[in-house]
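Worksheet for the structure shown next.
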Amino acid sequence: MPTTFQEIPRERPVTPLLDRADTPAGLRRLAEADLETLADELRQELLYTVGQTGGHFGAGLGVIELTIALHYVFDTPDDRLVWDVGHQAYPHKILTGRRNRMLSLRQKDGIAAFPRRSESEYDTFGVGHSSTSISAALGMAIAARLQNSARKSIAVIGDGALTAGMAFEALNHAQEVNADMLVILNDNDMSISRNVGGLSNYLAKILSSRTYASMREGSKKVLSRLPGAWEIARRTEEYAKGMLVPGTLFEELGWNYIGPIDGHDLPTMIATLRNMRDLKGPQFLHVVTKKGKGFAPAEVDPIGYHAITKLEPADKPAAPKKVSGPKYSAVFGQWLCDMAAADNRLVGITPAMKEGSDLVDFSERYPQRYFDVAIAEQHAVTLAAGMACEGSKPVVAIYSTFLQRAYDQLIHDVAVQNLDVLFAIDRAGLVGEDGPTHAGSYDLSYLRCIPGMLVMTPSDENELRKMLSTGHLYNGPAAVRYPRGTGPNAPISGDLQPLEIGKGVVRRQGEKIALLVFGVQLAEAMQVAEQINATVVDMRFVKPLDEALVLELAGSHELLVTIEENAIMGGAGAAVGEFLASQAVLKPLLHLGLPDIYVEHAKPAQMLAECGLDAAGIEASVKARMAKLGL
């Protein structure tokens, strides 16, 4: 069984077996008896790597043995291995030729946080969002069948990701087409079953064996001529399996369910995977693992160790504390509790983001009004719509990148019916090391085209609080988008008063140049304005746009510059340009925002600089346009 470590090593561990097995070909040359020692070495290597770089932590520790077993038994990359989400894929990356690059993990121009097709042939499908693996692996299995290929397709999905409807849609379709594929449920929360042990492991070996499969198919052919006898045999088998395993649901969906087995028992996993490798039809293996396995603190606190920051050198002097405000998510969490105390109609809804969206306090103070729907964004939005129909005032706390998954529900179920649903959209804009799959780059573009939608962009913590109150009191759907991280430490008012809808605020009066800011780049715009004597406007509202103010600025300035941390195409700046065009106003415009590319992972400051959204970039772009216009 795995060794349990107490500390994260600061020096690279000695790993003689891993040195020979950092590719699947090298791994398969090892004796099976050496694999448990290899697992200990791989676990130490992962601890060291993430300690140096920061990143997702607990999930990878929990799949060390599973990752080794998969690459040992299957002929990757010819056999297609698809990881769901990708939080757990660091061991996979180490074992597939990227060990020497792992210290660049999540850094600019380095290894990505998630599997990427462009990074390695072993990353067969790019991921980041949850619940896509079964659909992708099914598509690969069907393609293999059409190409007369014998390659295997394997999806590894967690118990959390299996709560999403998309996963069950794929499970249902796979049995319809009788796909030859394997789905592995990595149950690291024991939320489906606690029935793991010697008897369950033994049963899994029997049920997955070729002998059992051959006997089962042979009996089916014989007994199918005697319908009564076959029905009795089928029910007897189901009863036997149902007594020992929680696979009834998957069996009813047409899958051959095996498990649960201990995901840290390498011999059992290897034997079971070998048995299942050549079975025909949809196969489902339930593996129970422990998140954070092998690192004692993470086993005790898997949520706290979901991800960690990098270790600082032991002898490094403490850096002076940077003065910054509270996290935007914390401001939202406090507002939610305050408004809930003032309005008993308020309910809070989140798709599995209680900690990330800062809903812990609300969930404890108002448990009857808190709803975590798991990874089910579509359901979350329509649930809110149903509540709003009956007079509740739902607040959906959701990351920008995940709201994309519920766009139809946002339009069809909320907006068309003009329901009072407030969307608190966290992680808007660039999010840093998680890269383009998690960036909130598009919400302004896809929200502002929806009729009746109120769309707001706070420039600081106090503006966020006021906009949340504005959205809560608005008659219709409303959205407030705010970034990851901390604010500029603006004084926060304790009241719950709303803003006047559709009105921006001039923060600095200048001449010739007007900087129209939608969001948190206000501080950078103020710095630039001091250098070029520009007017600075906190636009506040993307929809409805402060059209009167835009016309006034166009009439009194020679260049309008829009600034937003959203895709330029279709964003807030585009709204300004469209409005001026509709009024037949010809005015030089410069739109600064996210370019028409996927901005790769790096530190947030590096990403903003790359996009020209830091103070230096804004100043350079504005001065270049001024020179072109002769200003």
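Just so it is clear, glycine is given a Cβ too, placed from its N, Cα and C backbone atoms.
Listed by Swiss-Prot as binding thiamine diphosphate are H87, G128, H129, S130, G160, A161, F295, E377; the candidate from N100, N178, N188, N275 that the record includes in that site is N188.
In the structure shown, the C-beta of E377 has more C-beta neighbours within 10 angstroms than that of any other entry among the binding-site residues H87, H129, G160, N188, E377. Taking only the Cα positions, the spacing between H87 (thiamine diphosphate binding site) and D159 (Mg(2+) binding site) is 13 angstrom. Residues H87, G128, H129, S130, G160, A161, N188, F295, E377 are the ones the record ties to thiamine diphosphate, and the longest Cα gap between any two of them is 32 Å. Taking the Cβ of D159 (Mg(2+) binding site) as centre and 10 Å as the limit, one finds 19 other Cβ atoms among all the protein chains shown. In this structure, the CA atom of E377 (thiamine diphosphate binding site) is 16 Å away from the CA atom of D159 (Mg(2+) binding site).
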